[in-house]
Amino acid sequence: MGLKVNVSAIFMAVLLTLQTPTGQIHWGNLSKIGVVGIGSASYKVMTRSSHQSLVIKLMPNITLLNNCTRVEIAEYRRLLRTVLEPIRDALNAMTQNIRPVQSVASSRRHKRFAGVVLAGAALGVATAAQITAGIALHQSMLNSQAIDNLRASLETTNQAIEAIRQAGQEMILAVQGVQDYINNELIPSMNQLSCDLIGQKLGLKLLRYYTEILSLFGPSLRDPISAEISIQALSYALGGDINKVLEKLGYSGGDLLGILESRGIKARITHVDTESYLIVLSIAYPTLSEIKGVIVHRLEGVSYNIGSQEWYTTVPKYVATQGYLISNFDESSCTFMPEGTVCSQNALYPMSPLLQECLRGSTKSCARTLVSGSFGNRFILSQGNLIANCASILCKCYTTGTIINQDPDKILTYIAADHCPVVEVNGVTIQVGSRRYPDAVYLHRIDLGPPILLERLDVGTNLGNAIAKLEDAKELLESSDQILRSMKGLSSTCIVYILIAVCLGGLIGIPALICCCRGRCNKKGEQVGMSRPGLKPDLTGTSKSYVRSL
C-alpha cells in the first residue's frame, strides 16, 4: 500500500514539473524555434463618452477697479477679439448649414425631432471629424437658453472656479483665470497703491493670462471644429487638480494615462460669446470597459541557424487569447501599459487555423523566413534565461572567460546560471538566473515549418521578374493579335475555296499514293526472289565437268 502511495506521489510530481501550455499558447514548444512571450496584459476598450461643459470666462469682474484699469481692459478686449472672432465665424459656418429633421407621428399629427441634416453642398470641404463635430454643435444650439442663464450667472460671480448645475442637466464648470489675483492681490492693496500702478499690474497679469490661454488651448483655438485637449489644459481648466477628473469618472491613474496617450479625451469649442468674452467647450471623457477573459500577449522572436543559413519564425507581434480562442490583435489604435492595454476601438480580428496550430505548439505549422542582413534579434532574455543564437553572434562566459560554442545540431543556445552565471553576448554583459528552459533542443527533434519569402529585397526582385514576364506575355499577345487580325482580313469565300481545294487534292492524292506504294512493293518482291534461289543440290561425288555445266 505504501509503495502505491509513493508511486502516485512520484507520478504527480512528474506531471507538475512538465512544461504545459498556458493560456492556449504553448510557450515551451514556441521557445524551441525562438519565439517567447515578453508580457501579458488585460484588454480595455473605450466606449460611450461622458460629457462635461467647461466655460472659460476670459474677462474678469473688475467693478471695483474700473477707474484705474480702463486703458488696460480696452487693450485686453482688443486682443481677445482677434482670437474669438475667427472662432465664432468658423462655428457659424458649420451651424448655419445644419438644420433639424422632424418627423410626423402616425397617431398624433404633430412634428417631433428626428435628427439633423448637414448641408454638404453649401459647406464645401469638411473632414469626417469636422462633420461629426458639426452634429455635436447642433446640440449646443438647442441649449441657447442655458447659455444665456450661464452668462447671467457669471456676470455676478467673483469666484475663480465655480460649478454651476443647470436644472435637469449636467454640471457646468466655469473658470475665470485671473479672478483670484484680482480678489486677493489688487483689491486689498487699492489703498496702498496708486491707480497707475494697479492698472499696470492688471495689464501684465491679463497679458500673461492671454498667453497661457493661447498655449494651453492652442489646438482648440486653431481648429475649433475638431480638436483635442492636452493634459496641461485639462489640469489648468480644473484648477490645477487633475484628481477631480479621477474622482468624477472613477479612473485609475493608469487608465487616465492610457486615455491621454491614445488621445481619448476630446475637447470641442461649442460656443463663443464675443460680448461677454466666453468660450464654452464640451469635453468628452470616454468610459473604459474591460473585456473579461481576454488577455493580450506580446511575442518576440530570436533567429536560429540551420547550417550556414539564418532563419527566424514569422509570428504576429501581438495576439489575444479568450478561452480556447486565439485571435489576431491590431495594436495601431492601442496603448500598452503595465496595468493593461487600452484601445480606442475593437482590436481583435480572426486568425487563420494554421497560425492557431502554430501558437498551440505545432512547430511544423509555423512559417519561417531567411534573415536578411542584420535584421532580427539574435538573443533575448526570458524568465531569467538567455536565449541566444551563438552561431551568428559571439557568446562568451564572462565568469570563466571561455567562448560558448553552439553545437551544429542545435538551433539555439539556452544559457542559465548552472552553465554560466554572467554572460557576455554581442558586447552586452548579462547576469542570468536559474534554469527555466532545457538546453537540449536539437534540430532532428523539431519539425520546422515551411519556408517563405518576406524580405523587401526578395519581394522587389520577384516583383521585377513578374513584371518582366508580363511584358514578354504582352508582346506575345500582341503578335497573336496581329495574326488574328490578318486572318480576319481574308474573306469568307476565299477560305471556302481553299478548303475545297485541299479536300480535292486529298481525294486525288491518296489513291495515287496507294498505287505507287503497291508498285514499289511488287518490284521489291521480285528482286528478293532472284537474289535468293532455292536450296542447292548435294553434289558430293559428282565430276567437275558436270559441276561446271551446272
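Note: Cβ is positioned from N, Cα and C throughout, glycine not excepted.
Fair warning: this is a prediction, and the values are worked out from it, not measured in the lab.
The cysteine that Swiss-Prot pairs with Cys395 in a disulfide, picked from Cys390, Cys420, is Cys390. The N-linked glycosylation site entry in Swiss-Prot, when matched to the candidates Asn6, Asn61, corresponds to Asn61. Looking only at the disulfide-bonded residues Cys334, Cys358, Cys395, the one with its C-alpha closest to Cys420 (disulfide bond) is Cys395.
Cys358 (disulfide bond) sits 25 Å from Cys390 (disulfide bond), taking the CA atoms of both as reference points.
Sorted by the number of other CB atoms within 10 A, the disulfide-bonded residues Cys343, Cys358, Cys366, Cys390, Cys397 start with Cys397, the lowest.
Checking Cα-Cα distances from Cys366 (disulfide bond) against the disulfide-bonded residues (Cys334, Cys343, Cys390, Cys395, Cys397) with a 10 Å cut-off leaves nothing; none qualify. When the alpha carbons of Cys390 (disulfide bond) and Cys334 (disulfide bond) are compared, the span between them is 35 angstrom. Cα separation, Cys397 (disulfide bond) to Cys343 (disulfide bond), rounded: 43 Å.
Residue pair Cys334 (disulfide bond) / Cys395 (disulfide bond) shows a Cα separation of 37 Å.
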